[in-house]
Amino acid sequence: MKTRLKFQVDKDLLLAIVVGVCGSLVALAMFFLSGYMVTQSALGAPLYALMILVVTVKLFGFLRAITRYVERLISHKATFTMLRDIRVQFFGKLVNVIPNVYRKLSSSDLISRMISRVEALQNIYLRVYYPPVVIGLTALVTVIVLAFISIGHALLIMVSMLFTLLIVPWLSSKKARTLKKHAANEQARFLNHFYDYKAGMDELRRFNQINHYRDNLMAKLNHFDKLQLKEQRFLTIYDFILNIIAMLSIFGSLVLGLIQIDAGQLNIIYMTSIVLMVLTLFEQAVPMTNVAYYKADTDQALHDINEVISVPSTNG
């Protein structure tokens, strides 16, 4: 059985999820009431009713700022705790596989995995698993509440979030993982070539091979840049697809609202509130644009680290 790093569920992470969901729901409630206030003021609601709505919106804005601040503190604390545990695990397992690890990996590759690959794992909580969980729970509560006002809009949000949180990221992460793997392999080859170039400078100068070796080094660097450009182009397309889904959902909510109002199935008072709430919900889903990239990056980092610590130990 291969040796692997173990992640423990931190109570701070669970608390950060709860606070994050509460903060997102507060933001949705604030914009829902804002739309309701705008509509009521246009319809000539009493001044005292508008004053109550204004105070409530201000209160929700204050609560939103507090929850976001607390959520940042707790989530980053959970990330730093995870990184500490990962570094301790990695060093403890690395000691057991020295010097056998040098039969499989070069010094430059090992240093890269010890530093950059471990650092890449800092995104596994905040940018890979945390956003879809928080946004998914927020969308679920939104769908349940909105079903009492407009079942059509609730279904629209449910389908949109299904594509935004599950289908598109799942399909994109597989392609992003392949591109990230190719880029990581090319980076490793370039670094090995570069360290050999620096370490063997005297020999290259003696045999008059510096220019030839430098040309090969620059060719590998250019190839690595092309792979990175290809990866960034794919991530741009992924971001564009998510934006298209958001725009279609917002436009669909407007069209659906007009149809329901004409049919007498929706009170016009809620139209502005629903549109603002949908806009806010997709604003909360902005971190999903980075999920595919960071998922591929952390998967590659875990693979590289596990490859190091799974080397047979000196003691057998």
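Count begins at 1; order follows the chain as displayed.
Glycine is treated like the rest: Cβ placed from N, Cα and C.
Feature annotations, reproduced from TrEMBL:
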{"type": "DOMAIN", "residues": "14-283", "note": "domain 'ABC transmembrane type-1'"}
{"type": "TRANSMEM", "residues": "12-33", "note": "transmembrane segment"}
{"type": "TRANSMEM", "residues": "45-67", "note": "transmembrane segment"}
{"type": "TRANSMEM", "residues": "128-149", "note": "transmembrane segment"}
{"type": "TRANSMEM", "residues": "155-172", "note": "transmembrane segment"}
{"type": "TRANSMEM", "residues": "240-261", "note": "transmembrane segment"}
{"type": "TRANSMEM", "residues": "267-286", "note": "transmembrane segment"}
Top Cβ-contact partner of the transmembrane segment (267-286) among 12-33, 45-67, 128-149 (pairs under 8 Å):
12-33
Result, the transmembrane segment (240-261) in contact with the transmembrane segment (128-149) (3+ CB pairs under 8 Å)
no
Give me the stretch from 12-33, 45-67, 240-261 with the greatest number of Cβ pairs under 8 Å to the transmembrane segment (155-172).
240-261
For the transmembrane segment (12-33), give me same-chain residues lying six or more residues beyond its boundaries with a C-beta closer than 8 angstroms to one of its C-beta atoms, as numbers and ranges.
53, 56-57, 60-61, 63-64, 67-68, 70-71, 74-75, 77-78, 81, 125, 130, 133-135, 137-138, 141-142, 273-274, 276-277, 279-281, 284
